[in-house]
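K.L.:
Just dropping this structure here.
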């Protein structure tokens, strides 16, 4: 359990690989060739991302290239996993990993650690949350691929023509935040009901004493700043700014 007031660090992560096996361990004999991860602290993206391409010790399967578009030629001058392993471990250690179909990526990560005799398992240094399982619980009986969730939740994934680890991690971060309630709560999560009651009382008090208040009209600069802010809110909420919707409704009447 995270102590009160300690920042919650989450890493949204995705990998691309040389391929996978249809039978047996899906990772056996294959390699990670790309890692993409984005950091969130207290449900806010920090920009402290981790993105790297990795040179494997085997060719990339043709079927895998069709999925992610990463060829042997693109990886020829990239570092091998042993050169970046410690940097990667330091980045994820102690965080909650958010991964769509986590057993796939975690299986590969643990396999790579094992090949280097690091004696590390991902779930021993991180808490792992499978967002695919979350989605299946929230939307039982429906398709819950990343693309399907984007369509369902109204998230733009138009740039996702091929799978790419960093882009997929960025999209998954949007999906996760939307599935779990959007932006950070305005109130302390430990006292939500108390905070709401207090605000309601303040609103009632303000209404009671507002009858004789002088109405001030904004000047042109203030009005433009307000409109610019509404446009920003509408962009950040992907067209779901209630104020903008209400203004549009009023204009039609």
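Every residue gets a Cβ built from N, Cα and C, even glycine.
Annotations for this protein, taken from Swiss-Prot, read as follows:
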type	residues	note
BINDING	14, 16, 168	divalent metal cation 1 binding site
BINDING	14	divalent metal cation 2 binding site
BINDING	14, 16, 63, 68, 168	substrate binding site
ACT_SITE	163	active site, proton acceptor
K.L.:
Among the recorded positions listed here (14, 16, 163, 168), which has the Cα closest to the Cα of residue 68 (substrate binding site)?
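P.N.:
Closest by Cα distance to residue 68 (substrate binding site) among the recorded positions 14, 16, 163, 168: 163.
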K.L.:
Determine, to the nearest whole angstrom, how far the Cα atom of residue 168 (divalent metal cation 1 binding site) is from the Cα atom of residue 63 (substrate binding site).
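P.N.:
Approximately 19 Å lies between the Cα of residue 168 (divalent metal cation 1 binding site) and that of residue 63 (substrate binding site).
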K.L.:
Need the DSSP three-state call for residue 16 (divalent metal cation 1 binding site) to compare against my parser.
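P.N.:
For residue 16 (divalent metal cation 1 binding site) - judged by DSSP and reduced to three states - the answer is strand.
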K.L.:
Which entry in the list of binding-site residues, 14, 16, 63, 168, has its Cβ near the fewest other Cβ atoms, using 10 Å as the limit?
P.N.:
63
K.L.:
Tell me, by DSSP, whether the residue listed as 'active site, proton acceptor' is helix, strand or coil?
P.N.:
coil
K.L.:
Name the secondary structure element type, per DSSP in three states, that contains residue 63 (substrate binding site).
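P.N.:
Going by the DSSP assignment, residue 63 (substrate binding site) falls within a helical segment, counted as helix.
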K.L.:
Would you measure the largest Cα separation among 14, 16, 63, 68, 168 for the substrate site and round it to whole Å?
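P.N.:
Between the most distant Cα atoms of the substrate site, 19 Å.
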